[in-house]
Amino acid sequence: MIVVFNTLSRKKEQIIPVQDKQIKMYTCGPTVYDYAHIGNFRAYVFEDILHRFLEYAGYHVIRVMNITDVDDKTIAGAVRENLSLNQYTQKYIDGFFQDMESLKLKKATYFPRATQHIPEMVELIKKLLAKGHAYEKAGSIYFRISSFPDYGKLSHYNFEQILSSQTDEDEYEKEQAQDFVLWKGSKDEPFFWETDIGKGRPGWHIECSAMSMKYLGETFDIHTGGIDNIFPHHENEIAQSEAATGKKFVNYWLHCAHLLVNGEKMSKSKGNFYTLRDLLGKGYNPIAIRYLLMTTHYRDPLNFTEKSLRQAENTVSHLQAFYQRVCFALKKPGMENKEIEIFIDSASKGFYDAMSDDLNISAAMSEIFKFISNINDFFEKDMISAMDAKKITKFLKKVNEVIEIIEPDIEELSEDKISLIKEREKARKEKDFKKADEIRSYLSTQGILLEDTKYGTRWIRK
Ligand code: AMP
Ligand code: ZN
């Protein structure tokens, strides 16, 4: 049983999919006017862990992540650089996919782009017009929120709060200030589409309703985003979709808290942001960034500091070194140790139970660290055989399908480096420590760290 905190009910609820063993999930993706910052990636890493854990638990996940490639900022960028919208956004779309790879984010099944789904949006708006949930004013089309009594059910805002929070530049054209724009009529804008509902371009919210329902159906399981998406974006998605179909749009809404810098939300507008590229340029390991972003529970705010990133780097190399230690034992003869299996079963159950409880990653990781410490005790007693090591690596690889922190393919060292390590071992035995240190220093300049144990010398990548 997997339980998640549903923003809609503000309670933890068991996930019961619309269709047995299949989860349909929608994620609000990037607006591609610039490179994403690591605040955005906190949301994408949380969604990645959710996606991966659902698969780990045996569900077939069909996932959509949209790409917003038309809005005020993308238009402004294209105009500034004298490019078409596609030319301008392609660079950031490519950059986003590269960043996803660096952070080992699993690909969604579909990455629909707003500009390629204008007909679907127009159809949805036509439906809303026909049912009286939308109206036209001066070439633009608005959603009439007074026609949708459930408005506010996600954000739990009341009507007065909504009234005071909605400020659209063309407010005076609307019947009510809270109504939001579905279609922006074009007067003399550089980019527009000629459609049945007039010349113009979509408002921001409509793309997510049109594209999610196209790929996932009118009712689907999970919708995610950061908490800033709850209102107005997700509230508006519910209104548009449910008013059009008369059906419940989404069963479980999951939102992550923000990545903060000095207590404030990391955002482009505040200028307090790092892109992933900024951090990689400073030499940080992308896997440590992934680790840092994932290990605070997704509903707790996470304050970003470079110090915490350096700590994350240590933890990540500790995990990798342990994995390598186990791999080195894969060739070691000896008896199977029954206790190892008991540790594996207990860690495996602990990990699963913690993650099933609203993705309690801290508890899940502490199961793994407890496991590592238990196995290390056995290593110290030289009680890990090849048969044990095989079971341990299998377990770690399985957990890694969710966390993606360990590099499972251990590289083979070149012959010359292996013979240097052997030469150093020989020098140590002969008490020629000067030579042994020289070899150690040389290998260190090649990015290889040596660790001398009772049972020989092991190496790890720095
Ligand atoms: P945007 O490009 O602003 O629409 O944001 C893309 C995604 O990143 C959305 O799910 C936002 O909720 C999320 N997001 C933006 N800033 C932060 C932040 N500082 N911390 C966590 N998530 C964020
Ligand atoms: Zn969205």
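Numbers here mean position along the shown chain, with the first residue as 1.
Yeah, the Cβs are placed from backbone N, Cα and C, and that goes for glycine too.
Annotations in TrEMBL come from automatic prediction, not curation.
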**Message:** Need the matching range: TrEMBL marks motif ''HIGH' region' on one of 30-40, 140-150, 173-183, and I'd like to know which.
**Reply:** 30-40
**From CYS28, CYS327, the one annotated by TrEMBL with CYS208, HIS233, GLU237 for Zn(2+)** = CYS28
**Request:** From the ranges 200-204, 265-269, 305-309, 335-339, pick the one that TrEMBL records as motif ''KMSKS' region'.
**Result:** 265-269
**Message:** Using the alpha carbons only, what distance in Å do you get between HIS233 (Zn(2+) binding site) and LYS268 (ATP binding site) once rounded?
**Reply:** 18
**Request:** Give the sequence-ordered set of same-chain residues, not counting CYS28, CYS208, HIS233, GLU237, with Cβ within 8 Å of the centre of the Cβ atoms defining the Zn(2+) site.
**Result:** TRP204, HIS205, GLU207, SER209, HIS223, GLY225, ASN229, HIS234, ASN236
**Fill in**
For LYS268 (ATP binding site), the spatially nearest of the binding-site residues CYS28, CYS208, GLU237, using Cα atoms, is CYS28
**Asked** Where does GLU237 (Zn(2+) binding site) sit by DSSP, helix, strand or coil?
**Response** helix
**Message:** Using a 10 Å radius around each Cβ and all protein chains in view, which of these binding-site residues has the most neighbours: CYS28, CYS208?
**Reply:** CYS208
**Prompt:** Residue counts in helix (H, G, I), strand (E, B) and coil for the domain 'Cysteinyl-tRNA synthetase class Ia DALR' (350-414), per DSSP?
**Reply:** 45 helix, 1 strand, 19 coil
**Asked** Looking at Cβ-Cβ distances, which residues of the chain lie under 8 angstroms from GLU237 (Zn(2+) binding site) while being 6 or more apart from it?
**Response** HIS205, CYS208, SER209, SER212, HIS223, PHE249
